[in-house]
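Working notes, structure below.
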Amino acid sequence: MVLSEPYWDHHIPLPKLGPLHSRLVTAFVALICFINSYNGDFVFDDSEAIINNKDLNPDTPLSNIWKNDFWGSNLSSNSSHKSYRPLTVLTFRINYLLAGGLHPIGFHMLNVALHCVISVLMIDVFAILIGGLVHDGRGVKLNLSPKASFLAALFFAAHPVHTESVAGIVGRADLLCALFFQLSFLVYCKAFQGGDKKFSVLWIFSSILLCAVAMLCKEQGITVLIGGLVSSGLLMRLVLLFLGGSFLLYARWRIMGTGPPSFTEVDNPASFAENVILRIVNYNYYYSLNAWLLLCPWWLCFDWSMGCVPLIKSATDWRIVWPLLLWCCLMGLVYQALCSQDSNKRSLLINTLNALSKTLNISSLTFSFLAQVHYNVGKNLADRGNQSAAVKYYREAVRLHPKYVHAMNNLGNILKERNELEEAEELLSSAVHIQPDFAAAWMNLGIVQNSLKKFDKAEQSYWNAIKFRKKYPDCYYNLGRLYADLNRSIDALNAWRNATMLKPDHSLAWNNMVILLDNTGNLAQAELIGKEALKILPKDHTIMFSLANVLGKQEKYKESEGFFLNALKINPNVASCHGNLAVLYHRWGKLDLAKRHYELSLRLDPNAPGTKENYNMLKRKLEQRQRTVG
C-alpha cells in the first residue's frame with residue numbers, strides 16, 4: 001500500500017521543513033511570544049502557593065509535600081481544597097533551592113521553557129490527530145501531515161489563551177500536567193508499533209504511569225486515559241486502561257481522605273443554581289465561552305472564579321443562544337464525520353471532536369471578574385504591608401460581590417488590626433452567616449469579640465471554628481488567650497496544649513504555657529514545659545528567654561545565664577533580654593556584668609520598664625562598695 005499525505009496538507013502555504021527544523025521554529029515562536037514574562041513578580045495566587053507556602057522552604061521536611069495540598073494546607077483539614085499536586089510543589093521547591101530564595105525570574109523562566117517543550121511535542125500529537133497513527137514496515141511512526149501538524153503546533157505555541165498558565169507561576173501545574181499528558185498519549189501510541197492488532201503491554205503500563213505523574217502535577221491528568229479508551233478497539237486494551245484509571249482514581253480518593261472538597265456558592269455558582277436545568281444551561285454556556293476563547297481570545301482572565309461569568313437565570317437571557325450554537329456546530333461536525341464520503345475528512349473531524357471534547361471537559365470554568373480582580377489586588381497589597389490601599393480594594397470587592405466571604409474575612413482582619421472592631425465584627429458575622437462552615441472567619445470573629453470584651457460570644461465563635469475544622473491549632477491558641485484573660489488558667493493550659501499537639505512547632509502556645517505557669521507560681525512545671533518546647537524548637541529565643549526567667553526565680557543562676565546568652569546569640573538586640581540578664585547577674589552578685597547588660601538594655605530601649613531604676617540601684621551599690629574598699 002502506498003501511503004500518501006492528506007490532500008489538505010498540499011494546500012497549506014508553508015515550506016515543508018524537516019522534523020528538527022520544524023521543532024526549532026516552533027520552540028522559537030513559543031519563546032518569543034512568552035519570554036516577556038521572565039521578569040514578572042509573584043502576583044495573585046503566587047502569594048499563597050509560593051510565598052506563604054512553607055513546603056518550599058528547604059528547612060521543611062520534604063515529606064510534607066506528600067501530605068499537604070497545593071497551597072500548603074494539610075489534606076485532612078476541612079479548609080483544604082484537596083488540590084493534590086506534590087510534583088508541581090516539588091518543582092517550586094527546586095526553584096527556591098537553586099535560586100537561594102524567592103526570586104521570581106527562575107520560576108518564570110522554567111514556565112517559559114516548559115511551554116516551549118510542550119509546543120514542540122504538539123507537532124507529534126497533531127501529526128497523530130490529523131494524519132492518523134501510521135507506521136512503516138519497520139515500525140517507525142510516519143507523519144502524513146507535516147505541514148498541518150507544524151502549523152497547528154505554531155498556533156498552539158503562540159495562542160494567547162496560554163497566557164495565564166505560562167506568565168502566572170502557579171500555572172506551572174497546567175504546564176507540567178500538559179507535558180506528562182502528552183507523553184502519556186505518545187507512549188500509548190508507541191504501543192502500536194507492530195500494528196493495530198499487536199500492541200505492547202509494557203508501553204501501555206508506561207502510559208498509565210505517566211498518567212499518574214500528570215495527576216500528581218494537576219488533577220486533570222487522569223483525562224488522558226479517556227483518549228486511550230476511545231481509540232482502543234481490543235478488549236485487553238480497554239481492560240488495562242480501565243483498571244489503571246480506576247486504581248489512580250481510588251488512590252486519589254484515598255489521598256483526599258475519602259471525601260470530596262467542600263465548595264461554596266462563591267467558588268462554583270453554577271452548581272448552586274436553583275434547579276438542574278439552569279445548572280445544565282450554565283455548564284453548557286461555559287463550554288461555549290471556552291470554545292469561543294479558543295477562536296477569539298479577546299477576553300482573558302487570570303482567575304476564572306468568584307462569579308466571573310454571571311449566571312444565566314432565565315430563558316430570556318440572550319446568552320442562551322451561545323450553547324445552542326455550540327451544539328449545532330458540534331452536531332454538524334458529527335454529521336460530517338459520520339456521513340462524509342471523504343475518508344480523510346471523516347478521520348480529521350473525528351479526531352478534532354475527540355480533542356475538543358477533552359478540552360471542554362478539562363477547562364476551569366467559573367465566575368464576578370471585577371470582584372476577584374479587586375480581591376487579588378487587595379491581597380497582594382496586604383501581603384506587601386500596604387493595608388490602607390488593601391482596604392480600599394477589599395471594600396470594592398465586597399461591594400461588587402456582597403457574598404464574597406473571603407474578601408469579608410480579609411477586610412475584617414485588617415480592620416481588627418486597625419482597631420475598627422465594630423465594623424470588623426459586622427463583616428465577619430456576615431461571612432459566617434453566608435458560609436456557616438467558614439472556620440477561619442469564625443476564629444477571626446472570636447478574636448474581635450474577645451477584644452470587644454464579648455467573652456461568651458468569643459468562646460462560642462472559637463468552638464464553632466473548631467467544630468468545622470477539627471485540627472485547628474491557631475484557634476486553640478486564641479481560645480487559650482481568651483481563657484487566660486478570664487483567669488481560667490487550667491482551661492488556658494489545656495487549649496495551648498491542644499495547639500502544640502496539633503502543631504508541635506507552635507512557638508506562641510509553648511511560650512504562653514511557660515509564662516502562665518511562671519505567673520501562677522508553678523515554676524517546676526514551667527521549667528519542664530520550657531525544656532520540652534526547646535527539644536522541638538531548639539533555636540526559639542523567646543522560649544529560651546521565658547525559661548531563663550523561670551530558672552532565675554529558682555536561683556538556678558548558671559543554667560539561667562546559659563539560656564539568656566543563647567537567646568542573645570540568636571537575637572542580640574532585645575532590650576528586655578539584656579535587662580533580665582542584668583537582673584540575674586545583680587541577684588547573683590556579678591555586679592560588673594549586671595552593669596554592662598543594664599547599659600546595653602538602656603542603649604537599645606531607654607524607656608525599658610524598670611531597667612533604669614534597677615540600673616540606678618546597682619550604681620549606688622557599686623559606689624557604696626567602692627567607698628568601702630577605699
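Note: Cβ is positioned from N, Cα and C throughout, glycine not excepted.
Not measured: the values here are computed from a predicted model.
In TrEMBL this protein carries:
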{"type": "DOMAIN", "residues": "259-331", "note": "domain 'DUF1736'"}
{"type": "REPEAT", "residues": "371-404", "note": "repeat 'TPR'"}
{"type": "REPEAT", "residues": "405-438", "note": "repeat 'TPR'"}
{"type": "REPEAT", "residues": "439-472", "note": "repeat 'TPR'"}
{"type": "REPEAT", "residues": "473-506", "note": "repeat 'TPR'"}
{"type": "REPEAT", "residues": "575-608", "note": "repeat 'TPR'"}
{"type": "TRANSMEM", "residues": "20-38", "note": "transmembrane segment"}
{"type": "TRANSMEM", "residues": "112-134", "note": "transmembrane segment"}
{"type": "TRANSMEM", "residues": "169-188", "note": "transmembrane segment"}
{"type": "TRANSMEM", "residues": "200-216", "note": "transmembrane segment"}
{"type": "TRANSMEM", "residues": "222-250", "note": "transmembrane segment"}
{"type": "TRANSMEM", "residues": "283-300", "note": "transmembrane segment"}
{"type": "TRANSMEM", "residues": "320-338", "note": "transmembrane segment"}
For the transmembrane segment (200-216), sequence-distant contacts whose Cβ falls under 8 Å of one of its Cβ atoms, 6 or more beyond its ends: 84-88, 176-177, 179-181, 183-185, 187-188, 190-191, 193-194, 222, 224-225, 228, 237, 240-241, 244-245, 248, 252
PLDDT averaged over every residue in the domain 'DUF1736' (259-331): 80
The repeat 'TPR' (405-438): DSSP-derived helix, strand, coil residue counts: 27 helix, 0 strand, 7 coil
Chain residues outside the repeat 'TPR' (405-438) and at least six past its termini with a C-beta under 8 angstroms from it: 78, 262, 264, 266, 371, 374-375, 378-379, 382, 387, 390-391, 394-395, 397-398, 444-445, 447-449, 451-452, 464, 468
